[in-house]
Amino acid sequence: MDTLAEVNQKGFVDEYIDPTLDLFAEIERLKKEKNAIILAHYYQEPDIQDIADYIGDSLGLSQEAAKTDASLIVFAGVHFMAETAKILSPGKKVLLPDVKAGCSLADSCPPHLFRKFKEKYPDHLVITYVNCTAELKALSDIVCTSTNAVQIVESLPADQKIIFGPDKNLGAYVAKKTGRDLVLWNGACMVHEIFSQEKITRLRERHPAAKFIAHPECEEVVLQMADYVGSTTGLLKYTINSEAEEFIVATESGIIHQMEKANPGKTFIPAPPNNSCACNDCPYMKRNTLEKLYLCLKNEYPEVTVPEHIIERARVPIERMLDISAKLGL
Ligand code: 13P
Ligand code: SF4
């Protein structure tokens, strides 16, 4: 194995892998040997989705991390998700195939600046989207995901003043759906902000029967055009339940693997970004590869840790979210 310093610089274990090795079989063998579970987000590459024990959106992954009895969690997702798993299962070892799998949205809300922002609104309750650092969660009253954000706001008294962060697009969507006046932090996801209203309009003209579906992290102009807005699980369910044969999908392109598996014969078109790069691939999510996942399971490294005092404080708002979601059957 590389030295610790090298791993830290690269973000992953960079070790030679015999090209004749059947990685799927090796991962299965190591999983049994180590009593490990692989949790993967829908935005991971197809090979990782196919080897995962559980695949889901942010809410489903948190629920799974809270209840697993595995000794080792390999989190095929991004850093804040692995941190959330660690906070919910502090006694377990949580691994992330590449620790540089961060998140532009989490980065858009540095905790020291958010603390100052929060001080300006002392009578407000703080709801934070799960896409943020553990330190930010420790400054929050309730965490939410894109599946339950609307219901969590609605579960609070109508006159409750609320700060919502870090995603201004999800925040604006929730404010509109609930009719509440939320104080928003000005953060966003680089993948969901890139969709082009003009190009989507042109694409819809070419595919008039296609349903246009979008994740609430997209900008309001894009959400206004959508036939359905929902979390990744919500979007997947919509494609299964809809009679339509064609869908234009405005979220990270990884979800299309599950949509195609669940809907043989239906067509899924990734919504076009406002430039010619493949920007609806999240560069952080896509840092994880099957090779890195195998090496991290084999070496039990890199590990994601969270300081004890942050775990204690961040656990409360996450558990509040899980309790509200369980009561609502989400
Ligand atoms: P969900 O998993 O809640 O759909 O959120 C999408 C996302 O951007 C995760 O990084
Ligand atoms: Fe973060 Fe956006 Fe990537 Fe999700 S898709 S991990 S919110 S940068």
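Positions of Cβ are set from backbone N, Cα and C atoms, glycine also.
Cross-referencing Ser71, Ser146, Ser196, Ser253 with the iminosuccinate binding residues that TrEMBL gives (His41, Ser58, Tyr129, Val130, Asn131, His215, Pro216, Glu217, Thr232) picks out Ser146. Look at the binding-site residues Cys103, Cys189, His215 and count other Cβ atoms within 10 Å of each Cβ; Cys103 has the fewest. Of all Cβ atoms in the protein chains displayed, 27 besides its own lie within 10 Å of the Cβ of Asn131 (iminosuccinate binding site).
Using Cys103 ([4Fe-4S] cluster binding site) as the reference Cα, a 10 A cut-off selects Asn131 from the binding-site residues Tyr129, Asn131, His215, Glu217.
Sequence-distant neighbours of Tyr129 (iminosuccinate binding site) (same chain, 6+ residues apart, CB-CB distance under 8 A): Leu105, Val143, Cys144, Thr145, Ser146, Ala149, Phe164, Gly165, Pro166, Asp167, Leu170, Gly171. For ligand 2, the binding-site residues lying close by, meaning a CB under 6 A from one of its atoms, are Cys103, Asn131, Cys189, Cys282; the full candidate list was Cys103, Tyr129, Asn131, Cys189, Cys282.
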